[in-house]
Structures are given as structure tokens and as C-alpha cells.
């Protein structure tokens, strides 16, 4: 792998800015349905499971395409993939704007998922080509941080537009946003600085299979996958599907307060992102420990809300969103495992493998929550309140199982990754104790 990489310049920042704008737009499209869940229930006359199917299928497509996208970005370059993704999201949101049935709406969200899938991995692939290696972890965090502003676009201006106008003009506005991103990428974005050859994979299906196998064989790639499985999914589920119904119908918040609470995801990401980037640069051996710590805190936040007698107070709901918001920047640690464990020609493929993790966890959790809500309603437990507090408590508690599975997997795989790299870190407790003793002298 390259030790230093290219020298950053004004042009580097311009290229990154175009790429990260396309990612911001992709996040807006991804999370837009999360603020339209109640309107979608009325528009399509659908059950909770049917509404969750929109986001589940979108994420299923997203997760299923991550490895193919990783392979393609290594072969075709980021610019082509980002432009293709923006065009697909334009088609998807235009389709959803006109949809008047569940089937037609699902087609739109599937297209959005496909376009979204092509974006993030491709933008990450740009960074090592335009910035020095020492700044890549921090630039990766900046990418995720700025991209999360797209969620703010969906929970404030898009939500206001949806509630003040109607379904069709609101979703057509999102389609226009993706069209703008596509034009900018095609016109201005370049994969690498002029004169710098792009590392491209070549060969046929056999070579692709070999690249996939080599990427998966790296324990660091698998550690990245499980890190990404565990840290961001709770926030993704909350933002994309069940956050608004939970806050409004179960916890009794008004729409304005719910939007304000949801917007904290972005603020938390912007504040905590640089910290995680700096932490990864300074303490690479402790990356997996940070993953486990963030996952543990996420589980504790949900337990506090779910076990609170009656509706949780606003401060506790805010705390929960803050805790889940940290999971997004923390999930970027998974991509750093992929970057440091694979040669440059396999980074796209390895990143795609890692990116599968969080979205597989999210789509499974999202579907299970909707299924549990419907089962409780059908059994009479909900007493006619599909989105009541008690049914939601039971349904949301299923996320804890996914957290537990992910944390166990991280603990197991990191041992293998450290053995493969010949790393034997000193116990963290001893390091902290020795530092505290030195500080007291």
C-alpha cells in the first residue's frame, strides 16, 4: 500500500466537496421515507409490516449491492458509479412521487436503494486518491459527518414541505435534488489527480472471485464488517423507519418536537465525528475496543427508555438519540479496518463487504419490529393501538438481540485479526492505570 499518498490541494477539496454533496443527497433520499411513515400509511392504506417493507426492501437492495458496487468501483472508478447512483435515485423518487399503491411505491424505494448503494463506497474510494494517507481516517469521518446533513434535510425542510403541500410535490423535489447531483458529478468530478494512474482491477469473473476471496480472507475485513454491523443499525432503524412513529404515537411528542429530536442525529455526528477520526489515527490498536464501548452505551440507552415507567421524559429521549447518533461516526471505524488490511486495488471491494454489515442488521431489525407490532395488534395485545407505547416497547426491545450478536462477533473476530497482524495490545485497564499514576506524580 502507498505510505504517503498524494498531496492535498484546493482541487482535492473541490473533488471531495462534489463527492460529499452527492453523498449528502443520497442520505437525504435514504432517510426521507422515515419522516413520511404516517402519511404513507394513509396514502397506501397499509399495515405496519407493509410500511416497514418499503425501507426493508430498500435496505435489502442496498446491502445486496454493496459487494458488486465495491468490485465495480475498483474497475470503473468512483465518478461513473456516483453518477449512476444519483440517476437511479432520481428515477426512484420520481416513481414514488407518482405511486398510489404499495407495489408502485416499493419499486421507487428499490431504485433509491440501488442508487444509494453506489454512492458511499465510491466517495470513500475517492479519498485515498486525493489526500495523504495520514489524513484518510479524518477525511472519512468528515465525509460521514457532512453526509449526515442529508438527514437534517429530510427531517426539517422535506418534512415541512411534505406536511404543508402534498406527497407528490415533496418527493418530486427530492428527485430534482438527485438530478442536480448527477449533473455536477458528470460535469466536474474526476477520479484522480491529472497524471496519476488509477489502480484498476482487471480480468474477468475469475479475477473478481479471486479479489472477493482475498478481501474476505483478511480478518481485518471481517472485523470491519462486524464493527459496522453493530454500531450504526439502531440509528438507521430509528431514522429510516420507526423513529417518528415511536416518538409521536408511542411517546406522545408533537411533530415539531419529534423533528427537533430527530435532527440531533446530525448535530451529534458533526460533534463526535472528528473525535473518532482523531482517535483512530492516534490509537489504531484500540479501534475495536471503541466499537464495543459504543455498542454497550447504545444498548444501555435503549434499556433506559424501554424500562422507564410510562412515557419517557424528553431529556431521556434526547439522550437516546444522542447515544444512537454516536453510532454513525463510530461505524466508520469498520472502514478503517478495511483500508488498513487490504492493498489499494482491493479497498473498494473490502469497503463494500464492510458496508453490508450495518445495513443487514438494520433491515433485519426494521422488519422484525414491524412484524412484532403486527403480531401484537392481531393478538389483541395492542388494544387497537398499532403504534401504542406497550407494543412499541416490546418491538423495539428486539434490537438488543442484534446488538448482542454483533458485540460477540467483534470480540471473537478481533482476536483473530490481532493474531494475523502479530499484535498483542497491553490490557487497556493497565494502560489507563499507569497513565493515571504518572499523572499523579
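In case you wondered, yes, glycine gets a Cβ from its N, Cα and C as well.
The domain 'Major facilitator superfamily (MFS) profile' feature in TrEMBL is assigned to 15-418.
Positions annotated as transmembrane segment by TrEMBL: 12-29 (among others).
Long-range contacts of the transmembrane segment (49-73) within the same chain, counting only residues at least 6 positions beyond its ends with a Cβ under 8 Å from a Cβ of the stretch, are 30, 33-34, 37, 40-41, 81, 102, 105-106, 109-110, 112-114, 116-118, 121-122, 125, 201, 208, 211-212, 236, 240-242, 348-353, 355-356, 359-360, 362-363, 366-367, 369-371, 373-374. The transmembrane segment feature in TrEMBL is assigned to 49-73 (among others).
The transmembrane segment annotation in TrEMBL covers 80-98 (among others).
Residues or ranges marked as transmembrane segment by TrEMBL: 170-189 (among others). For the transmembrane segment (170-189), the list of distant contacts is 14-15, 18-19, 21-22, 25-26, 28-29, 32, 36, 78-79, 82-83, 86-87, 89-94, 96-97, 115, 158, 161-162: same-chain residues at least six beyond its ends, Cβ to Cβ under 8 Å.
According to TrEMBL, the transmembrane segment annotation covers 223-244 (among others).
Residues or ranges marked as transmembrane segment by TrEMBL: 256-277 (among others).
As annotated by TrEMBL, transmembrane segment applies to 289-308 (among others).
The transmembrane segment feature in TrEMBL is assigned to 314-335 (among others). Residues 124, 137, 140-141, 144-145, 148, 223-228, 231-235, 238, 247, 251, 253, 257, 261-262, 264-269, 272-273, 275-277, 280, 287-288, 290-291, 294-295, 297-298, 300-302, 304-305, 308, 351, 354-355, 357-358 of the same chain, all 6+ positions outside the transmembrane segment (314-335), place their C-beta atoms under 8 angstroms from a C-beta of that stretch.
Counting residues 6+ beyond its ends, the transmembrane segment (347-372) has Cβ neighbours under 8 Å at 48-49, 51-53, 55-56, 59-60, 62-63, 66-74, 120-122, 124-125, 128, 201, 211-212, 215-216, 218, 221, 224-234, 236-237, 240-242, 331, 334-335, 337-339, 341, 391, 394-396, 398-399, 402, 406 in the same chain. Per TrEMBL, transmembrane segment is recorded for 347-372 (among others).
Annotation source TrEMBL lists transmembrane segment at 392-413 (among others).
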Selected stretch (most C-beta pairs under 8 A with the transmembrane segment (392-413)) from 80-98, 223-244, 289-308: 223-244
Long-range neighbours of the transmembrane segment (256-277), counting only residues six or more past its ends (CB under 8 A): 35, 137-142, 144-145, 148-149, 151-152, 155-156, 159, 235, 238-239, 243-244, 247-248, 290, 314, 317-318, 321-322, 324-326, 328-330, 332-333
